[in-house]
Structure formats: structure tokens, C-alpha cells
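So the structure is just underneath, and the comments pick up after that.
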Amino acid sequence: MDKISNIYNFDDPPPDKLSLELFIIEKKIGKGQFSEVFRAQCTWVDLHVALKKIQVFEMVDQKARQDCLKEIDLLKQLNHVNVIRYYASFIDNNQLNIVLELAEAGDMSRMIKHFKKGGRLIPEKTIWKYFVQLARALAHMHSKRIMHRDIKPANVFITGNGIVKLGDLGLGRFFSSKTTAAHSLVGTPYYMSPERIQESGYNFKSDLWSTGCLLYEMAALQSPFYGDKMNLYSLCKKIENCEYPPLPADIYSTQLRDLVSRCILPEASKRPETSEVLQVAEHMNNYFSPSGDQSTTPSTQF
């Protein structure tokens, strides 16, 4: 049994014995409205984890408390190499603590900033290498009827081995087979779909919009709807009207530019299915991979 299984199966200690005393907090690695995330060492097994501490009783809003508990339920259902893994949860010192897989190297936003600071674009081969892993993670989530609702570079973690881990499901929502849409304005404005801004109800296609925005940002090194002097109103109008600069045709492939434009469509029903996005990503990653035949033009059948 590996180290991860030891903690995941609660072999030692049992779940009702978990407490903050069993973790050595090393440093803070993230902060949210109601939470802080720390790099921590488990004392009973040689394993570093991300310990997310949520101030449960400071959340006077009942919905916020439910969202935190919902995050735990969602994570229990997910088991994929490209999704941050849930290990355990417990309440200690009036805090809800969630023990998560640690992604050491950082996140996609850090990688984008690195290239932007260096005045370089991310090579398309590299874009597909990471994007295909995100597409796999999203396909797994959607197959479980789970929507992420906050896909953005800062929530796409990258390990030291170059493995993508989609995380931060605090805004996730479980969709039963009878549920067709959700009505709550949450998420990051730059990546929010028109239907979410208009609060007209949305479904899994909103994740595809955000995924298209992320793919665009990997290529352009900035959000498609970014502006130097923008307020929330002007941002929302740009999103609703799908006003964004096209990616340069002389730098990026037709397939990449086409996938972006298909995901960033105002009408959710016209966006591709998650399976289609994954198919394109797999095809393009195979084309750009070292073992691929670089002399062959990539297919445009998608």
C-alpha cells in the first residue's frame, strides 16, 4: 500500500482521531475569502499535503457553509490523476479542515506570468501538453455530473513532474440527473460565461466557456476580456458580446484558434461537448508530441 492509500483509507489514524496536532504546518501557500491553505507534513506517515483550513463558524451565511460541505462530498467522488485528490476532513478548533493532495510546482497562472515576464509566448506544443490534461480532468468531473464553476489558471495546479491537477472545487455543484441548470452568481468575472453574468441559469457548458478562456490565455498570456481601464460593467458587456482580440493566425494553429472560438460562444447550446474538447486536445497533443509525425498536417475534422 502506498503512502496516499495509507491516509486515504484512514488506516492510521482512524478518521475520528484526526486533529491539527497530527500535522506540522510548514507555510501558507494560499488564501481565500473563508479559508487558508498550508503546506503541511503528516506526522504518522511520510507525506506532505495541502491543508485547507476553513473558518466554518465565521460563515454566517448558510449557503457558504453548505458550499464547503459540498466541496467535501464532491471530492470524495473524484478519482483521477489530473484532479487534486481528497484525503480526509475533520473539524478542529472551530475550523473545517480538508486534507488535499499537494501540487508542489505551482499553478498555471504562475507559468503564464513567467512567460509574460520573459517576453515569450508559450509554445503551442507546451499548451497542448497541459491543456489535454485539463480536458481529461474536466471530462472526468462531468462524467460524475460535477461542474467546477471556477476554472481559471490559478485553479489549475502543476506538479514538479509536469502533471496538471485541477483543484479548488469550493464552488463546485453536484448535478443530479434531474437538474438542468443552477442559479447562483459565483466564480471569477474574467472567466464567467454570459449566462452566468445574466443569472439566467447555466449548466455544464459554462465550464466549456471558462476552459476556452483559459486556452486563449495560455496562448495570448492574458484573458480574452482583459482591459487596462475596465470596470465590472464594461467587462460584463465585453463578455456578453464576445468582444476579444483574435489569436494570431501566423503563430497558432487553426485547431487551437477554432477550439477557442467554439468554446467562447454567447449561446451555450452551440458550444462543444466536453468529449469534443477532449478529442481535439488529444489529437493535437499527439500531433505535437515527440513521437508524433511532424510532417503530417493536423486534422481539421473537429
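First residue shown is number 1, and so on along the chain.
Cβ coordinates come from backbone N, Cα and C, glycine included.
Pulled from Swiss-Prot, these are the features on record:
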- Asp150: active site, proton acceptor (ACT_SITE)
- Ile29, Gly30, Lys31, Gly32, Gln33, Phe34, Ser35, Glu36, Val37, Lys52: ATP binding site (BINDING)
- 23-288: domain 'Protein kinase' (DOMAIN)
Cα of Ile29 (ATP binding site) to Cα of the residue listed as 'active site, proton acceptor', in Å and rounded, measures 19
Cβ atoms other than its own within 10 Å of the Cβ of Asp150 (active site, proton acceptor), all chains, total 19
Confidence over the domain 'Protein kinase' (23-288), expressed as mean pLDDT on the 0 to 100 scale, is 85
CB contacts under 8 angstroms to Val37 (ATP binding site), restricted to the same chain and 6+ apart in sequence, sorted by sequence, are Lys28, Ile29, Gly30, Lys31, Ala50, Leu51, Lys52, Lys53
The correct three-state DSSP answer for Lys31 (ATP binding site) is strand
Ser35 (ATP binding site) to Asp150 (active site, proton acceptor), Cα to Cα, whole Å, comes out at 16
Simplified to three states, DSSP reports the residue listed as 'active site, proton acceptor' as coil
Counting every protein chain shown, other Cβ atoms within 10 Å of the Cβ of Ser35 (ATP binding site) number 21
Per DSSP (helix/strand/coil reduction), Val37 (ATP binding site) sits in strand
Ranked by how many other Cβ atoms lie within 10 Å of their Cβ, the binding-site residues Ile29, Lys31 are led by Ile29
